[in-house]
There are 2 protein chains.
Amino acid sequence: MATPAVKVYGWAISPFVSRALLALEEAGVDYELVPMSRQDGDHRRPEHLARNPFGKVPVLEDGDLTLFESRAIARHVLRKHKPELLGGGRLEQTAMVDVWLEVEAHQLSPPAIAIVVECVFAPFLGRERNQAVVDENVEKLKKVLEVYEARLATCTYLAGDFLSLADLSPFTIMHCLMATEYAALVHALPHVSAWWQGLAARPAANKVAQFMPVGAGAPKEQE
Amino acid sequence: MATPAVKVYGWAISPFVSRALLALEEAGVDYELVPMSRQDGDHRRPEHLARNPFGKVPVLEDGDLTLFESRAIARHVLRKHKPELLGGGRLEQTAMVDVWLEVEAHQLSPPAIAIVVECVFAPFLGRERNQAVVDENVEKLKKVLEVYEARLATCTYLAGDFLSLADLSPFTIMHCLMATEYAALVHALPHVSAWWQGLAARPAANKVAQFMPVGAGAPKEQE
């Protein structure tokens, strides 16, 4: 088999890396996940800093193009291979995808990440969960999810009645959240719950979820 | 004169609102800035929550379309009226615009906003500056600006040798930063400094800067 032209650098347990992988899986792009170890500090080595000067993962190489920042990577993959997931070039739909992608980035993900870091990754980082941080962010997340509930009562997906990156982008952090007791926040909201189940049932989401075994004790790096 | 079809809700002193205004000015779009008062809690009133359920500014109305989140608004305005500022539909250029827009949102703006809130807006919010917060974020911002310096040594603008939203998006928060003593962080870096001066000299940037009188004592709301 020929080596895929597309490479992703990083560890798939990261919701940021797996966001990029989800876009590739949804678009049906053949790719290679180049293994890196966070514990060994691979992201701080010169060869990785040459790919991303911020020393973060994921990085995508697509031919001569080197991209970082998971949402930029996801946009590129879909623009090239499945533009309907960005609104298909229609102004209004594309604008709504952008709005709900920004909502994911600036309203939903910050509290969700804070909860997941404390509840899922803290043991992996060798420390106890900080419950005060969890409680504060649960309150924030609850309010955000109430807005999602109201939105999803008016349309099937976040940007309208079509699946888009606005729905896929939160999948990986929500997959981690759903492995905690705060999954109850989602279960309490019927429209959010139905939307989540629809996302989680997608073959691409299923495949990416397998890279992220957060439900079964401490997460392991994919190496 | 006919009422413009495009309305922006918010107060222009906000770097988020003025980011939307900068996109409109660069695109040459006629718009109306609908005055709102933060102090009077206009953003918490039902009519505004109907526009943006998160109760934030800016909101853009473009005909039947109501958008929130400043970067989504800026993308929409440019996609409709000046697509070359998003990479002009070329895959590689568009991807690089996306990368550096995400860098602005997730690397540059968080420490810049923290510094500006403490140094510019804290007195306006009736409290003292927290110097520990400033110091911590100055260290973060310094590292980010060093990456910008290296990038801008290789091309004229962030996404390549063409102006884009990736350059314009940080303008308004940087305009506030440049009113503080931490402008020195920018002056210390020759390529960042030249890039900043080029941005600040643009007529659209100049016009938006006039909405944001942060240099002359405590900022005033635009009402």
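Positions of Cβ are set from backbone N, Cα and C atoms, glycine also.
Marked as blocked amino end (Ala) by Swiss-Prot: B:ALA2.
Here Swiss-Prot flags B:4-85 as domain 'GST N-terminal'.
DSSP assigns B:HIS43 (glutathione binding site) to a helical segment in the three-state reduction. Non-local contacts of B:HIS43 (glutathione binding site) by the CB criterion (under 8 A, 6+ apart in sequence, same chain) comprise B:GLY10, B:MET36, B:GLY55, B:LYS56, B:VAL57. Annotation source Swiss-Prot lists glutathione binding site at B:SER14, B:HIS43, B:ARG44, B:LYS56, B:VAL57, B:GLU69, B:SER70, citing similarity to another entry.
Per Swiss-Prot, the feature domain 'GST C-terminal' maps to B:90-223. Taken as a whole, the domain 'GST C-terminal' (B:90-223) shows an average pLDDT of 93 in this prediction.
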Problem - Near-A candidates in B:ARG44, B:LYS56, B:GLU69, the binding-site residues, by Cβ under 8 Å - result: B:GLU69
Practice task
Give the helix, strand or coil assignment DSSP yields for B:SER70 (glutathione binding site).
Solution key: helix
Completion exercise
Sparsest Cβ environment (other Cβ within 10 Å) among binding-site residues B:ARG44, B:LYS56 belongs to B:ARG44
Fill in the blank from the handout: Filtered by Cβ under 8 Å and at least 6 apart in sequence, the residues in the chain of B:SER14 (glutathione binding site) near it are B:VAL57, B:PRO58
